[in-house]
Each structure stands twice: as structure tokens, then as C-alpha cells.
Amino acid sequence: MGPRALLLLLSGVLILTETRAGSHSLRYFSTAVSRPGLGEPRYLEVGYVDDTQFVQFDSDAPNPRMEPRARWVEQEGPEYWDRNTRNAKGNAQSFRVNLNTLRGYYNQSEAGSHTLQWMSGCDVGPDGALRRGFMQYGYDGRDYLALNEDLRSWTAGETEAQITKRKWEAAGYAEVQRNYLEGECVEWLRRYLENGKDTLLRADPPKAHVTHHPISGREVTLRCWALGFYPEEISLTWQHDGEDQTQDMELVETRPSGDGTFQKWAALVVPSGDEQRYTCRVQHEGLQEPLTLRWEPPQPSFLTMGIIVGLVLLVVTGAVVAGVVICMKKRSGEKGGNYIQASSSDSAQGSDVSLTVPKV
């Protein structure tokens with residue numbers, strides 16, 4: 001399984017909760033996948049500030065270390081990277097032990113591959129104060145155990161998780177997590193936001209347009225595109241004569257563009273000929289005001305119009321020239337054959353002159 005597949009696993013059972021405008025989040029995601037007969041489980045850990053990945057650890061790397069994934073975190077000193085590498089390696093070992101323990105809880109054989117996922121993080125409001133902390137575990141794609149919003153108790157997702165819940169309650173593990181989330185997590189988030197403010201606090205507005213896709217003679221699909229925006233949160237809504245059509249439209253998940261920005265589209269099937277009655281409303285914090293877009297039928301380009309005008313002139317000119325030639329031939333015939341054929345050296349000049357429209 002490649003790094004991309006492992007990263008996709010991170011967003012499977014562990015649900016990403018949206019941050020509101022003006023708020024920010026620090027999140028760490030970890031995944032361990034057992035692979036019987038192929039050695040130790042693979043462990044991957046990534047860190048995000050808002051929608052931006054800034055660190056990554058991969059146990060399968062030639063020299064496994066916590067590595068930067070954003071320029072603004074590269075300024076951290078060697079002690080930072082050594083400490084986070086030690087923490088990641090310790091987490092990897094804990095995950096390997098936990099995979100074996102959970103396999104026993106579920107009475108599973110050693111032959112199958114299993115996945116353990118973990119997410120931990122904090123959200124702060126515009127004032128920088130903690131708004132919410134969270135920690136979740138997932139096993140084989142299902143919720144296993146989660147810290148409640150009070151940061152003092154746990155919710156078990158499955159019967160087998162009750163065993164872990166009792167252990168953690170006895171050990172006071174909720175208090176340990178609460179102290180981290182209310183203290184260290186918030187402090188590091190503030191530091192990252194300050195160091196990476198040029199990137200993390202920016203608001204890139206979307207570039208939006210509508211495309212037209214005929215389905216049949218009676219229906220077409222209108223697709224509203226929003227490209228190149230940051231942060232991730234955006235709203236696309238189709239309207240018919242001003243009324244929202246959210247129930248009927250197809251809306252894809254926001255996707256990374258690969259350059260630090262995001263993209264999204266919303267589509268709606270409409271009757272052919274009624275396209276101008278439908279508008280797409282785009283809302284994003286990078287916009288001073290929402291955009292309202294319609295599908296614009298393609299207009300003939302300047303080049304196309306020039307070609308058309310040129311062809312018309314050519315046809316008209318050709319007709320005039322043909323008329324002049326016929327007239328001259330008739331006159332020559334009337335004068336008894338005084339027409340003299342031009343030499344080959346004169347014929348090129350004659351052709352240029354003949355393209356001139358004669359005065360009348």
C-alpha cells in the first residue's frame with residue numbers, strides 16, 4: 001500500500017470537522033497497517049494546520065524521521081525534529097502492540113491485514129482560545145473509541161472497545177489528553193500560525209465559471225466550477241429564478257489542486273433552452289461579495305469574425321472581377337479582336353491589378 005492510499009485511510013473513519021471562519025485547527029493523523037509475512041506494520045503520521053500538511057513520518061522510509069512538508073516549519077531547529085522523530089517512533093511501536101491487542105479482542109487470526117487509525121487535535125477561535133479538543137480511534141474502518149467534548153469521558157463505538165474504555169478510565173488517560181489539548185496543542189498551533197501566517201492566513205478567491213454539457217435534445221447539465229481557492233471551505237449553490245436547488249444538484253467533495261489550493265464543482269440538470277434562468281452562487285472568504293454566475297453561450301471570436309468578413313469580401317470581389325472580365329471580353333469582340341495577350345512576365349502584375357475593385 002502506497003503513501004497516497006494510507007493518506008486516504010486517514011480520512012475514512014476519522015471524520016474531519018470543519019473549522020468556522022476565523023478559527024484554526026491543529027490535527028495529527030496516524031495509521032498503522034499490519035502486513036502478515038511482510039514484516040512489521042507500516043506506520044504513517046501526518047500533521048495539519050487547517051488545510052495545510054506541514055509534517056510527515058513514514059516508517060518505510062530509508063531513514064525514518066519526522067520531515068517538513070511546508071516551508072514555514074523548516075525554520076524549526078534540530079531539537080524539534082529529533083524530539084518529534086522520537087515521538088513518532090514511539091507511536092509506531094505503540095500502534096504495533098495495539099494491533100496485536102485488538103486482534104485478540106476481536107478474536108481474529110494472524111493471517112489477515114488490519115488497520116488502526118488515530119486522530120488528535122484542537123480548534124481555536126478568532127481570539128486564540130481553545131474552542132474544542134478531540135481524540136478518536138478507529139479499527140478496520142469503524143469507530144472504536146473517542147474522547148467526548150467535555151474532554152473528561154469516553155464513548156465506545158463497539159462492544160470490544162469497552163475493554164479499552166475501562167482501562168483508560170482507570171489510568172486517568174482522559175486527564176492526560178485534556179492537559180495536552182488545552183495547553184501544548186493550543187500553544188503550538190499559535191506558534192505555527194505566526195510562523196506560517198503568509199501561507200496559513202491567506203485567502204485566495206476562487207476562479208469560477210459555468211460549463212454546458214448537452215445530455216439529450218431536452219436536457220443539459222450545467223456545471224459550476226470553483227478553482228484555485230484557499231482555505232478549503234466554500235459554498236456552491238445552484239438557483240432557479242432565485243430559489244435554491246440544493247436537493248437536485250450534484251455536489252462533489254472539495255479536492256486539493258496539488259498546488260496548495262482547492263477545487264470544487266456543483267452540477268444541475270436543466271431543461272434545454274432554460275439555461276439563463278439558472279444561476280450559480282459562489283461564497284468564499286476570499287471574495288468581497290458572493291459571485292453570481294450564468295452559463296454564457298459562446299460568442300464568435302474576433303478571429304472567426306475576421307475570417308467570415310474576409311470570405312465575404314473575397315466572394316464579392318471575385319464577382320466584381322468576373323463581371324469586369326466578361327465586360328472587357330465583350331468589348332474586345334465588338335472591336336474586332338484588338339485584345340493582346342499579356343506576356344508571362346506581365347501576368348503576375350496583371351493579377352495584382354485585377355484584384356482592385358474598379359471605380360464606377
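Quick reminder: no glycine exception, Cβ is built from N, Cα and C everywhere.
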Disulfide partner of CYS224 per Swiss-Prot, picked from CYS122, CYS280, is CYS280
Give the residue counts of the region 'Alpha-3' (204-295) per reduced DSSP state, in the order helix, strand, coil. 3 helix, 52 strand, 37 coil
If you tally other C-beta atoms within 10 angstroms for each of the disulfide-bonded residues CYS122, CYS224, the top scorer is CYS224
Given the disulfide-bonded residues CYS185, CYS280, which one's Cβ is surrounded by the fewest other Cβ atoms within 10 Å? CYS185
Rounded Cα-Cα span from CYS185 (disulfide bond) to CYS224 (disulfide bond), Å: 38
